[in-house]
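One structure below.
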Amino acid sequence: MTRKNQTLGEFIIENQKDFPYASGELSRLINSIRLAAKMVNHEVNKAGLVDITGAVGETNVQGEDQQKLDVLANETFINTLTNREIVCGIASEENDEFITIKGQKNDHRNNYVVLMDPLDGSSNIDVNVSVGTIFSIYRRVTPSGTPVTIEDFLQPGNLQVAAGYIIYGTSTMLVYTTGNGVNGFTLNPALGTYYLSHPNMQFPEDGNIYSVNEGNYVHFPQGIKDYIKYCQEEKDDRPYTSRYIGSLVSDIHRNMIKGGVYLYPNTAKSPNGKLRLLYECNPMAFIAEQAGGKASDGFRRILDIKPTELHQRTPFVCGSKNMVEKVESFMQK
Ligand code: AHM
Ligand code: MG
């Protein structure tokens, strides 16, 4: 149930009974993500004001070591989740290995693992373009009370219990699903409170936006080249319009509101594409499906891929259902 002026805190409490397992643990976990996102938002917003955007290891005008925002965001999320002893493990796009969390008191007894891309699209920060955080939550599969193993992280996306993203844009929004639809909350920075602004978000079934880095066109598979030509053809409701920010969260967020498809195909140089299955594609695919959209690697459902390694990549096509199906039909020709 949603109502006007509802805050994210109220929404989490009121919908807790609908959460899988409903022990309160998942609610506390989402609360911790909400808090870390506020801290990262604060840093992202002042990125243009302070010497924080330089490379790691450089020294700012005060003689302090600079930390890049993606490193800072990574630490903020990891510390917030670790200090609250809310998860048993974390995997991050920024870290080679997963992190095991024992907890001071509970000896590996938390039930959830989090996988995240703490600051996606971070090359956009220097030019004041929106970036995002993406997160994905699973229940562990190994027994409680033992340290997590790689098996807890290498689960197919269809076993996610929650996923979401934060977009640090003209306003900051947290959008998430626990498998019961998608809801979006906008941060009022003066109060530090997120309000439900986009209840029950839905991808339009069709759209006229395609989002792809056309600079890579010559390297794309023939099916993707043909689809792009189809989008550009003068016929029916075409040509479609091309919109590409180069920031996955922003491109998907816009397409979910307006109707469109995002593509990051494989190329000869990157035979598995660029995006990471566990940190980027699975959470976005879960959100897309919960919002009535679709996500595919061109041939199969993203959420059904059984991962074999933490930093695995996959081609990615995500957006309005009819548009994703059209791309698949071109790929399968
Ligand atoms: P990152 O995780 O290194 O930030 O890379 C992911 C980003 C996505 O946000 C974006 O959609 C894509 O890379 C853009 O890549 P490209 O510049 O090759 O078009
Ligand atoms: Mg990324």
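Heads up, the Cβ atoms here are built off N, Cα and C, so glycines get one too.
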Per TrEMBL: substrate is bound by Asp120, Gly121, Ser122, Ser123, Asn213, Tyr244, Tyr262, Leu263, Tyr264, and from Lys235, Lys274 the site also lists Lys274
Note: TrEMBL has Asp117, Asp120 binding Mg(2+) 2, and from Glu233, Glu234, Glu280, Glu289 that site also includes Glu280
Can you find which of Glu85, Glu93, Glu151 TrEMBL lists as binding Mg(2+) 1 at the same site as Asp117, Leu119? Glu93
For ligand 2, the binding-site residues of Leu119, Asn213, Tyr262 whose CB is under 6 Å from one of its atoms are none
For ligand 1, which among the binding-site residues Leu119, Asp120, Ser122, Asn213, Tyr262 have a CB under 6 Å from it? Asp120, Ser122, Asn213
Of all the binding-site residues given, namely Glu93, Asp117, Ser122, Tyr262, Tyr264, which is spatially nearest to Glu280 (Mg(2+) 2 binding site) at the Cα level? Asp117
Taking only C-alpha atoms and a 10 A limit, tell me which of Glu93, Asn213, Tyr262, Tyr264 are near Asp120 (Mg(2+) 2 binding site). These are the binding-site residues. Glu93
Set of same-chain residues at least 6 away whose C-beta sits under 8 angstroms from Leu119 (Mg(2+) 1 binding site): Val40, Val44, Leu69, Asp70, Ala73, Asn74, Ile125, Val131, Gly132, Thr133
Compute the centroid of the Cβ atoms of Glu93, Asp117, Leu119, then list the same-chain residues not in that set whose Cβ lies within 8 Å of it, in sequence order, for the Mg(2+) 1 site. Asp70, Ala73, Asn74, Ser92, Glu94, Met116, Pro118, Asp120, Ser122, Thr133, Ile134, Tyr279, Glu280
